[in-house]
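A.B. asks: Pulled the feature table from TrEMBL, pasting it below:
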BINDING   A:H65, A:H67, A:H217, A:D305  Zn(2+) binding site
BINDING   A:E94, A:H190, A:E220, A:D305  substrate binding site
DOMAIN    A:56-408  domain 'Amidohydrolase-related'
Protein chains: 2
Amino acid sequence: MKTAYTNGTIFTMDAANEWYKNGIIITEDGRIVYAGPPNDFEQQSVDETIDLKGKWVLPGLVNTHSHILMTILRGTGDDMNLKPWLEQRVWPLEQQFTPEIGTASARLGVLEMLKSGTTTFSDMFNPNGIDSDEVIHAIADSGIRGAFSHTVFSAGSEADQRANLNEAERFAKTYRSFADGRFTTMIAPHSPYTCTPKALEECARLAKENKVMAHIHVAETDGEIEEILTRYGARPIEHIRRSGLFDVPAIMAHGVVLNDEERAFMKERDIRVAHNPVSNLKLGSGVADVAALREADVKVGIATDGVMSNNNFDMFEELRLAALLQKGTYKDATRLPAEEILAMATRIGAEAVGMKHTGCLKSGRCADFITIDPSDKPHLQPAAEACSHLVYAVSGKDVCDVYVEGRQLVKDGQCLTMDEEKIIADANRLRKQLEI
Amino acid sequence: MKTAYTNGTIFTMDAANEWYKNGIIITEDGRIVYAGPPNDFEQQSVDETIDLKGKWVLPGLVNTHSHILMTILRGTGDDMNLKPWLEQRVWPLEQQFTPEIGTASARLGVLEMLKSGTTTFSDMFNPNGIDSDEVIHAIADSGIRGAFSHTVFSAGSEADQRANLNEAERFAKTYRSFADGRFTTMIAPHSPYTCTPKALEECARLAKENKVMAHIHVAETDGEIEEILTRYGARPIEHIRRSGLFDVPAIMAHGVVLNDEERAFMKERDIRVAHNPVSNLKLGSGVADVAALREADVKVGIATDGVMSNNNFDMFEELRLAALLQKGTYKDATRLPAEEILAMATRIGAEAVGMKHTGCLKSGRCADFITIDPSDKPHLQPAAEACSHLVYAVSGKDVCDVYVEGRQLVKDGQCLTMDEEKIIADANRLRKQLEI
């Protein structure tokens with residue numbers, strides 16, 4: 001089935017940054033077969049034509065780092081620093097999770113992501129009490145795309161740690177081309193401060209053997225650098241390098257505290273960064289030097305982190321803040337201009353999580369795209385400056401339609417694949433079971 | 001007419017930070033006569049009862065610094081530093097303004113403000129080509145509350161400058177209790193770098209004689225400090241003090257570059273600050289040290305600035321960023337907790353612009369309040385953590401109802417007092433007349 005979407009203002013987000021007024025996208029079998037001006041439209045034979053009526057169209061947003069199982073904890077533990085927040089809130093609460101809570105949490109998060117324009121996300125599942133199989137099936141049913149990992153921690157007995165590693169491997173194997181190929185997996189040691197060197201080495205081996213990416217929290221705070229330096233005599237990047245984890249394609253969440261040498265090494269090894277500007281501010285970690293990373297030609301994607309440190313999954317808010325922070329910290333308004341940050345939230349983010357087949361509207365890529373209808377929104381007027389508005393004025397709540405692999409998942413702001421009322425009711429009911 | 005609003009989760013934002021689940025607000029003649037638990041409700045005789053059905057209620061937000069006449073320029077001149085942005089974009093475009101463009105721009109801005117929960121704003125009108133009378137009537141018709149000023153610049157011939165000052169005084173006199181008392185006025189010299197010392201002195205005299213506040217851009221960039229120091233041998237605060245402008249209650253926009261001595265002086269003179277976090281980042285000015293200002297007991301309100309440097313009027317986004325930035329720059333997540341930042345965006349902001357009669361839901365204050373209905377919004381779940389969500393998860397697009405002086409201006413997200421379709425059409429038509 002061939003579908004033509006006509007009369008859109010199409011931001012392809014390809015490397016040349018092409019965009020088309022009154023443009024057309026034609027999709028077939030989940031892929032884009034044409035995106036461009038309407039020149040050749042008459043000659044195409046399509047089965048269905050959908051008039052976009054001047055809506056803005058861009059690739060679905062790519063959230064490169066999240067913890068979707070924590071969604072039910074939104075609003076718990078604000079205004080706390082990272083360490084007490086993890087030790088006094090996140091971990092004690094996660095330990096009370098049941099499979100039902102985990103699944104409800106994931107559903108709530110995916111619902112919010114889809115409605116706010118995210119079509120692909122890369123997520124670390126924390127293992128406490130969670131049945132990853134149930135969770136991943138719930139996510140698959142929504143129609144979203146993603147890269148998932150069952151997080152590895154060096155906690156508990158030796159047997160516990162072995163079981164955790166085994167489960168991470170089983171998970172990576174089982175789901176690495178799940179959901180008709182929409183899902184991939186990664187191996188995710190939580191961080192250099194929660195994993196032993198041996199666990200990092202094991203993770204490196206698992207990622208190599210299973211040919212999947214590695215995903216890890218690194219260089220989030222000054223305290224982490226000091227701690228790793230004290231414990232292992234090396235800064236986190238060098239410490240992890242020794243484990244072999246950077247011998248495979250890897251993405252690090254945060255990268256707030258890095259030096260020039262580390263950035264050069266990251267470029268050399270193609271280590272990507274998931275930049276979480278809200279979370280880094282909210283937890284008091286600081287501001288990642290994204291401009292320096294981009295100058296070093298490191299791939300930087302945008303991410304929300306979990307909603308306990310955000311507290312929403314609005315990628316438009318996140319990408320805007322990413323741009324604003326570089327301007328403000330460099331005291332230079334020309335840093336990270338609109339086109340570059342939009343590319344980071346789409347094409348570059350997709351590359352960063354190993355999904356080059358999405359993130360860009362051109363022939364051959366997956367038909368993952370979203371629309372925004374500016375016509376009735378005062379905050380998007382005058383509407384002619386669409387590219388500016390997409391970065392500096394739009395919110396996730398402005399998203400109208402969402403398509404993944406050509407399938408419409410959100411229509412006029414309503415999710416077609418999930419029971420919104422039930423998901424909200426379940427989240428509120430189950431949250432009451434958790435206690436600090 | 002006495003109206004009771006029942007069954008709301010009411011955040012009073014009074015100094016004790018009281019809030020009530022299943023609370024009640026009773027209004028009469030535009031004032032709140034009761035806000036609290038439902039205890040005494042049976043004994044009250046009311047004419048009308050409105051069931052809020054669990055919605056969250058808080059005082060309308062107070063935007064302490066904006067340039068509403070620039071709204072039509074949204075998205076023009078992104079990614080530029082302050083000086084070229086003013087000289088190459090803002091001023092050349094504003095010089096082409098017609099009265100019709102000015103009024104259309106103001107209407108578009110007020111519409112966006114109301115729909116996103118702002119009930120009071122303090123605005124500097126730039127005078128180029130604008131008929132301030134027409135603009136102020138258009139704003140009054142919307143039902144919003146505000147403090148307005150006709151900006152003073154030392155530009156053009158001596159006669160031009162005299163005319164500008166005369167108009168600023170006429171404006172301040174004419175509208176200082178306009179719109180049934182909803183409007184006040186201020187005297188607003190643009191800044192120490194665009195006004196001569198003589199103009200600052202004249203403004204001080206006008207503010208004193210007319211018993212109105214002063215409003216001025218100060219200490220926005222490092223470059224401004226250097227420039228004023230070079231020209232006048234004093235930093236901006238001291239330079240302005242010499243003019244006498246700080247002998248009247250004053251609010252300064254920005255206050256990014258201040259030292260301890262200046263903050264102590266500001267406390268002594270009760271000089272308030274309108275903090276514009278997005279604009280300060282977007283123009284590369286930096287991050288104001290709000291935590292130090294609050295420690296010095298200076299009143300700090302939240303503000304959006306004009307949408308050319310923002311690019312929206314979403315005060316929820318603004319207050320969230322204000323909180324996040326202090327946590328991030330201090331590397332301390334406990335800075336500016338949720339309750340404090342909400343107070344700054346409501347009660348403290350109202351005090352900062354000289355409007356103590358609003359900004360707080362308690363008996364005697366104006367019935368200016370807004371509601372948010374979390375029930376169908378995934379990003380506000382679980383809904384029990386309402387105060388956290390109001391700061392860290394809500395967007396202006398979530399605002400449901402808006403009341404000013406007991407009159408409903410927005411209902412279920414639709415503005416009742418303005419023609420939304422016409423305003424959007426006018427803005428798009430008129431924008432095309434302006435050229436760079």
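In case you wondered, yes, glycine gets a Cβ from its N, Cα and C as well.
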A.B. asks: C-alpha of A:H67 (Zn(2+) binding site) to C-alpha of A:E220 (substrate binding site): distance in Å?
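C.D. replies: Cα-Cα distance, A:H67 (Zn(2+) binding site) to A:E220 (substrate binding site): 16 Å.
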A.B. asks: A:E220 (substrate binding site) to A:H65 (Zn(2+) binding site): how many Å between their Cα atoms?
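C.D. replies: Cα to Cα, A:E220 (substrate binding site) and A:H65 (Zn(2+) binding site) are separated by 13 Å.
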A.B. asks: Relative to the mean position of the Cβ atoms of A:H65, A:H67, A:H217, A:D305, the recorded Zn(2+) site, which additional same-chain residues have Cβ within 8 Å?
C.D. replies: A:S66, A:M124, A:A253, A:H254, A:A274, A:N276, A:S279, A:A303, A:G306
A.B. asks: Can you tell me whether DSSP puts A:E94 (substrate binding site) in helix, strand or coil?
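C.D. replies: SS state of A:E94 (substrate binding site) = helix.
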A.B. asks: Taking each of A:H65, A:H217, A:D305 in turn, which of these binding-site residues have a Cα lying within 10 angstroms of the Cα of A:H190 (substrate binding site)?
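C.D. replies: Cα within 10 Å of A:H190 (substrate binding site): A:H217.
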A.B. asks: Around A:E94 (substrate binding site), how many other CB atoms lie within 10 A of its CB?
C.D. replies: 22
A.B. asks: Can you tell me the three-state DSSP label for A:H217 (Zn(2+) binding site)?
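C.D. replies: DSSP call for A:H217 (Zn(2+) binding site): strand.
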A.B. asks: When you rank A:H65, A:H217, A:D305 by Cα distance to A:E94 (substrate binding site), which of the binding-site residues ends up on top as the closest?
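C.D. replies: Smallest Cα separation from A:E94 (substrate binding site) among A:H65, A:H217, A:D305: A:D305.
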A.B. asks: Test of understanding: give the count of other CB atoms lying within 10 angstroms of the CB of A:H67 (Zn(2+) binding site).
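C.D. replies: A:H67 (Zn(2+) binding site): 23 neighbouring Cβ atoms within 10 Å.
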A.B. asks: Near the Cβ of A:H190 (substrate binding site), how many other Cβ atoms are there if near means within 10 Å?
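C.D. replies: Total other Cβ atoms inside 10 Å, all chains included: 22.
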A.B. asks: Drop a 10 Å sphere on every Cβ of the binding-site residues A:H65, A:H217 and tell me which sphere holds the fewest other Cβ atoms.
C.D. replies: A:H217
A.B. asks: Check the domain 'Amidohydrolase-related' (A:56-408) for me and report the mean pLDDT.
C.D. replies: 96
A.B. asks: At a 10 Å cut-off from the C-beta of A:E220 (substrate binding site), count the other C-beta atoms across all protein chains.
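C.D. replies: Around A:E220 (substrate binding site), other Cβ atoms within 10 Å: 26.
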